[in-house]
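K.L.:
Below you will find the structure I want to go over with you.
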Amino acid sequence: MAGRVSGLAVRRYLTFFSGLFECLCFAGVVYGWASLVFVLKKDNYFGSLCVNTTGVNGTHKLDCSGQDEKFSLVFTIASFMNNFMTLPNGFLFDYFGTTVARIFGISIYTTGSLMMAFSSSVPDLLFPALSLLATGGILFLVTNMQVGNLFGVHRSTIITLYNGAFDSSSAVFFVIKMIHEIGISVRTSFLFLSACSVIHLVRTFLLLPRKLIPYPLPDNYTYGITCGKSSTQTSKVALNAEKPAMTEELSVKQVPIIETPVEKTFRQCILSWFFLWHLVWLSVMQFRHIMFIGTLNPMLNRLTEGEPSLVSSYLNAFAITQLCGVLCAPWNGFIIDRLKRRYQNRGLNEQEADLQATVLSLFITALQCILFSICATIPFLPLQYFTFVLQVLNRSFLYGGNAAFISVAFPPRHFGKLFGVVMALSAVVLALQYPCFSLVRDVLDGDPLYLNIGLAVFCLFAFIHPACVFRHCRRTAAAAAAASSQIMSIHS
């Protein structure tokens, strides 16, 4: 029996670390777009859109604003698809389980990487290729976040850690940029990513369940390729077990039946104020980050006066900071898990303790976004190093906090659908990225200063959500205290 328990522990840790590797190396590569654009420009993608123009002093220069616009459109569509397709993917995950969702994700991810590999001869392949990479990558993240259910009290920490790894995977395009400089082509790099689909398939069948990982986790829960055998063994043990053990097993099975009537329906969840303000919280800050990534290359070109080596240096610094996302994100989950234990010790039930623990996380994330936006607004080149640090810190807190809040504020059986809905609806806001880029280019003469100021003000709306959750927690605590005092007065 001890050996079996030890084997389950080894399997769970192997699942955790392999999932972390998968998210770190594959899930969010599209957000390293700024590094990849530098390589694609060197390979003359959409080079025909660069035209010779005459400056005010009669000098000739190469105007590549049309090329920048094309690249911006590729990223806008990909970032939109990354969020919008999370909706059908979430329903697919909840209804058909892990195996079906992952096979679908692996298929489209592999197709996208193959398209990227052969896009040098047909540059317009970038449009479907990057969108497929984004859609497949988010499915890797969604199917891996349930691994947090295997680790009980550390659940929020693991969910945020996986989201941090998702952010850090943007450094993969930085690696492609670096090895491109030593002579390895874009085609070779993406063919290698395609071949790595074997790793995803192995994890799908050996280290993940066919359906979903439940929460709370039942005793001796097993999954993976030996799941059927383990279930048979468990049945035999159950037949020979003593009566108290059988009673305990029955009570565990009856828990969902008792709790089901009081759980919110999916419709009630998406129509709640919690969901609405959480959507605003995510959309506002996500749009700020997408605008920053999408305009980073033109912004650096402007601040460096078009010096390629200096632009490359700053892009490298930005990509390196993205690697730190996996180190920053767990702190958000650690804050939530630590505060949850503290509130439970004060007598709150698990759900209310979970909610109250998220208030500080939501507030800190909004505050980080304001600081990051202010730094991005100041047109001082050396300051952008600090902007990069704030950006990766805030982004890792944002996506980890988003998943953690949905997992604690709503019933677990709706997680995939709610995660998909909130990401899909926030994608509508992301569609404004391209008009904003055109505004900067055509109306503001390439200077994003006023747009950045407007975005910094726009981010103030993110503070409404933590205030709403805090108010709910205060009301609930007051109601519980009043009920407790009433009961005491009756007894006395």
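Using the three backbone atoms N, Cα and C, a Cβ is placed for every residue, glycine included.
Predicted automatically and left uncurated, TrEMBL annotations should be read as such.
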K.L.:
Give the range, chosen from 100-119, 160-179, that TrEMBL lists as transmembrane segment.
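P.N.:
In TrEMBL, the transmembrane segment feature sits at 100-119.
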K.L.:
Would you mind telling me which of 71-93, 209-231 TrEMBL tags as transmembrane segment?
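P.N.:
Going through 71-93, 209-231 one by one, TrEMBL flags 71-93 as transmembrane segment.
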K.L.:
Apart from its near flanks, which chain residues at least 6 from the ends of the transmembrane segment (12-34) lie with a Cβ under 8 angstroms of it?
P.N.:
75, 78-79, 82, 109, 130, 133-134, 137-138, 140-141, 144, 147, 150-151, 158, 161-162, 165-174, 193, 196, 199-200, 203, 207-208, 224, 293-294, 296-297, 315, 318-319, 322, 326
K.L.:
How about long-range neighbours of the transmembrane segment (274-294): same chain, 6 or more residues beyond its ends, C-beta under 8 Å?
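P.N.:
For the transmembrane segment (274-294), the list is 31, 33-34, 72, 75-76, 79, 83, 362, 365-366, 369, 372-373, 376, 391, 394-395, 398, 402, 405-406, 409-410, 418, 422-423, 425-426, 429-430, 432-433, 436-437, 451, 455, 458-459, 461-462, 464-466, 468-469, 472.
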K.L.:
Does the transmembrane segment (392-411) make contact with the transmembrane segment (314-336) through 3 or more Cβ pairs under 8 Å, each pair 6 or more apart in sequence?
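P.N.:
Contact criterion met.
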